[in-house]
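Summarising the annotation, Swiss-Prot assigns N-acetylproline to P3 and lists sequence analysis as the type of evidence. Feature annotation from Swiss-Prot assigns N6,N6,N6-trimethyllysine to K14. Residues annotated as substrate binding site in Swiss-Prot, with sequence analysis given as evidence: N123, T173, K177, R295, H327, S379. Among the features that Swiss-Prot reports, active site, proton acceptor is placed at K175, H294, with the record citing sequence analysis. Summarising the annotation, Swiss-Prot assigns N6-carboxylysine to K201 and lists sequence analysis as the type of evidence. Taken from Swiss-Prot, the feature Mg(2+) binding site covers K201, D203, E204. For K334, the entry in Swiss-Prot reads site 'Transition state stabilizer', with the evidence type sequence analysis.
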Amino acid sequence: MSPKTETKASVGFKAGVKDYRLTYYTPEYQTKDTDILAAFRVTPQPGVPPEEAGAAVAAESSTGTWTTVWTDGLTSLDRYKGRCYDIEPVPGEESQFIAYVAYPLDLFEEGSVTNLFTSIVGNVFGFKALRALRLEDLRIPPAYSKTFQGPPHGIQVERDKLNKYGRPLLGCTIKPKLGLSAKNYGRAVYECLRGGLDFTKDDENVNSQPFMRWRDRFCFCAEALYKAQAETGEIKGHYLNATAGTCEEMMKRAVFARELGVPIVMHDYLTGGFTANTSLAHYCRDNGLLLHIHRAMHAVIDRQRNHGMHFRVLAKALRMSGGDHIHAGTVVGKLEGEREVTLGFVDLLRDDFIEKDRSRGIYFTQDWVSMPGVLPVASGGIHVWHMPALTEIFGDDSVLQFGGGTLGHPWGNAPGAVANRVALEACVQARNEGRDLAREGNQVIREATKWSPELAAACEVWKEIKFEFDTIDRL
């Protein structure tokens, strides 16, 4: 090559494989306010130093590849590369480390959770030098979060739409989740809403199966909620699941829901995908629909302590992609969820500003600026005896969802709804009077049974039901 045509890439180029840590481990780096920060739990293969493992994560999730390439010289790696800037051992784990990685903002497309995850939790998770890798947390800077619409409406707008304040909202997933005809399904919806619930819900795997096509379900559920509204004088809703095999079909279902005049639709955001979810969230804001989000498939990703991605990351991603509700575990029910960890990501969903707090699994201070909050939904194996704990743990800005705990009532669906509404009102009143629900909760429920035979019957049925298993995902 003549000197006149010599490129920058040819200057100092040396072919071959080099240690990642020579380029991507930078303990002297001072993070910028605009950097996206990640905390990875890294388990290196035997013989791989933690600095090399952390640098490999930074490289493979940003600009690096397995060998030196000519085209490195055609760009500014110092501007675009991810940097492993700190490594700390995990207490009690001999071979695990927390690697902190900083990513320049220019690596990511604006307003795209899909692009963000494709880089940060992409091929690097299959890297052979690592036995396991888990993304524990992300810090999303305001410079990036402001490129997202976020939730279609948020907590305050939802309360204003429903005209319901000062208490958690009550819901119920219709059971059996599969097999009912559309008319029988709508009947169950009506009975639950008439009994005092605010919402009923399609189960996550109810889409448009042969036993109940989506259009029939939408029509019967709309009829049910309008009838219940007329009889109770309260605004009601049913989460109509718009999830479908294509984005076009999903949007068609959302459009039909809007034409029916219902207040809320639903999406399975992990199985449906972030691109579909963000599209639906934009439609919901533009057309006045609330958006309920189910997290089906999350445990495949987040349940193991050493590999995958913690749910707090999925929760942050959902807040950016868009949703007004999201299932967040119960702490006390049948599904996985340790109290402090759960409250950590519940705050990340609801609050504007969340301080770093390692005792709750929050690795970074997060400032959402003006992005609306998301209501956490407690659902899964809960019943009236859990009501005091749920009210105390989740507070007013939440949805408490009882499926079997409503429809399993010995007297029927409407009495099951009455029992839950009475239990909730009793707990809220007791709390407002200054009583300690954590200590006096059972007594509050027993007192309420004296003036609600429906609640008394529910308490008798579920007095021995417990789900006492150790939580897998602990700090």
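A Cβ is built for glycine as well, from the same backbone N, Cα and C atoms used for every other residue.
Given the structure is predicted, the values throughout are model-derived calculations rather than measurements.
Mapped onto this structure are the features recorded in Swiss-Prot.
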residue	record	contacts (Cβ under 8 Å, 6+ apart)
N123	substrate binding site	E60
T173	substrate binding site	T200, K201, D202, D203, S379, Q401, G403
K175	active site, proton acceptor	D203, G403, G404, L407
K177	substrate binding site	D203, N205, V206
H294	active site, proton acceptor	E204, N241, M266, H267, D268, Y269, I326, H327
R295	substrate binding site	D268, Y269, L270, F311, L314, L318, I326, H327
Collapsed DSSP category at N123 (substrate binding site): helix
K201 (N6-carboxylysine): tally of other CB atoms within 10 A of its CB: 29
Of D203, E204 (the binding-site residues), the residue whose Cβ has the fewest other Cβ atoms within 10 Å: D203
Neighbour tally for H327 (substrate binding site), based on other Cβ positions within 10 Å of its Cβ: 21
For the Mg(2+) site built from K201, D203, E204, further residues of that chain with CB within 8 A of the site's CB center: T173, I174, K177, D202, N205, V206, Y239, N241, M266, H294
Other CB atoms, at most 10 A from the CB of S379 (substrate binding site): 25
